[in-house]
Amino acid sequence: MMDEKVLSMKEYINEAEAALLHTYNRYQVVLDKGDGVYLTDIEGKKYLDFCAGIAVFALGYNNREYNDALKGQIDKVIHTSNYYYNVPAVEAAVKLKKVSGMDRVFFTNSGAEAVEGALKAARKYAFLKDGKTDHEIIAMNHSFHGRTFGALSVTGNPHYREAFEPMIGNIRFADLNDFDSVLAQVTDKTCAIILETVQGEGGIYPATGEFLKKVRALCDEKDILLILDEIQCGMGRTGEMFAWQRYGVKPDIMTTAKALGCGVPVGAFLMTEKAGAHSLASGDHGTTYGGNPLACAAVSKVLDLFEKGHIIDNVREVGAYLEEKLGELVDNYDFIETHRGLGLMQGLVFSIPVGDIINRALEKGLILINAGTNIIRFVPPLVITKENVDEMLAILTECLDEKKTS
Ligand SMILES: *Cc1c(COP(=O)(O)O)cnc(C)c1O
């Protein structure tokens, strides 16, 4: 029988705080299991989840087919090595090519690593053209691309970078949706422009079609590679498989992760044939785990289930409903300024900090997250229904009303 002592929630939290590095201010809850769009903590309290592990668990928890696919792969083989081929990686890559229209796939273990690979590919592409090693990359202010050095170097938030300087060199920053600010940073050394098609952590700012088209034309004219980071906004979240597909502005390199494996740690960077054939070659890049059979079995099944479950249709329908309801909140509360977003990636912008509202919601059984101090970010599982949105709004409205009177 079990000889491990079962602790209370408070005791686990204390043990966690004594053992883990303090890099997060965690919510005071120990989550235990999930089913559909609900999570349960170790004391049996149920929560409606509008965070989805930060835009990860698109298919909802405890999806039988997904679970069975993973269990089946575990019983076959979890890991081999990239020195050999494996069937799940082949299947996952072929399906990913099909839904993205890109030509070449490299699987990674995380979003940040996908960004690292994309940046290396861009530098190599430029190096092969002129043999120089002083190329520049343009990134956006308020962007977020991850916590490793390369990804952090193109993250437009000085607060995340400051203590870790020096970053990798030759990065210049411009403003999203301000084409002139991009133009002002272009030199004959520019090898890539990297941006999130919809900025996530930075506050849910979608790039406009006009801006993307101008950036694309600039890149074509100067043979600069356009890297679109779709780690958060990709995989159906905005009502397209990848957000750029809405505008028909195709990147040379794109990154994906978060919902790609729906919880199994996996990311990827994808390239067009042109970028792929003239950048990273044998020996230039690698990873031990990236693209292993377990991770790729997840990717492969996720892409099947997206198609079978008409996930994108659901995002369009429920996303439009959520957007309409957020608009009503803006009208009804004077401390809510506006809302913005695409599909099931929405932000509600407050004139006050939202931390207290999120804590109250958690107490009432609703999981929400912020993006910055003043924005509540809605990135629920992509399988949510309008009824789930109503249920979320009932709890959120209670919290907002308490805020009004307090
Ligand atoms: C989350 C995120 C990353 C980093 O992904 P990790 O898996 O945390 O390394 C990079 N870019 C964007 C847009 C993200 O949202």
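FYI, residue positions are counted from 1 along the chain as it appears here.
Using N, Cα and C of the backbone, Cβ positions are placed for all residues, glycine too.
Note: TrEMBL annotation is automatic and uncurated.
Over all protein chains present, the Cβ of Ile231 (pyridoxal 5'-phosphate binding site) has 29 other Cβ atoms lying within 10 Å. Under the heading pyridoxal 5'-phosphate binding site, TrEMBL lists Gly111, Ala112, Phe144, Asp229, Glu230, Ile231, Gln232, Thr288.
Listed in sequence order, the residues of the same chain lying 6 or more apart from Thr287 (N(2)-acetyl-L-ornithine binding site) and placing their CB within less than 8 Å of its CB are Asn82, Phe107, Thr108, Asn109, Glu113. Taken from TrEMBL, the feature N(2)-acetyl-L-ornithine binding site applies to Arg147, Thr287.
Marked as N6-(pyridoxal phosphate)lysine by TrEMBL: Lys258. Mapped onto three states, the DSSP output places Lys258 (N6-(pyridoxal phosphate)lysine) in helix. The Cβ neighbour count for Lys258 (N6-(pyridoxal phosphate)lysine), using a 10 Å radius over every protein chain in view, is 27.
Not one of the binding-site residues listed as Glu230, Thr287, Thr288 brings a Cβ under 6 Å of any atom of ligand 1. Annotated pair Phe144 (pyridoxal 5'-phosphate binding site) and Lys258 (N6-(pyridoxal phosphate)lysine), C-alpha to C-alpha distance, rounded: 14 Å.
Proximity to Arg147 (N(2)-acetyl-L-ornithine binding site), judged by a C-alpha distance within 10 Å, picks out Ala112 from the binding-site residues Ala112, Glu230, Gln232, Thr288.
DSSP gives Thr287 (N(2)-acetyl-L-ornithine binding site) a coil state; it is part of no helix or strand.
Looking at Glu230 (pyridoxal 5'-phosphate binding site) and Lys258 (N6-(pyridoxal phosphate)lysine), their Cα atoms lie 9 Å from each other. Shown in sequence order, His145, Gly146, Arg147, Thr148, Ala151, Gly267 are the residues of the chain, 6+ apart in sequence, with a C-beta less than 8 angstroms from the C-beta of Ala112 (pyridoxal 5'-phosphate binding site). The CA atom of Gly111 (pyridoxal 5'-phosphate binding site) is located 7 Å away from the CA atom of Lys258 (N6-(pyridoxal phosphate)lysine).
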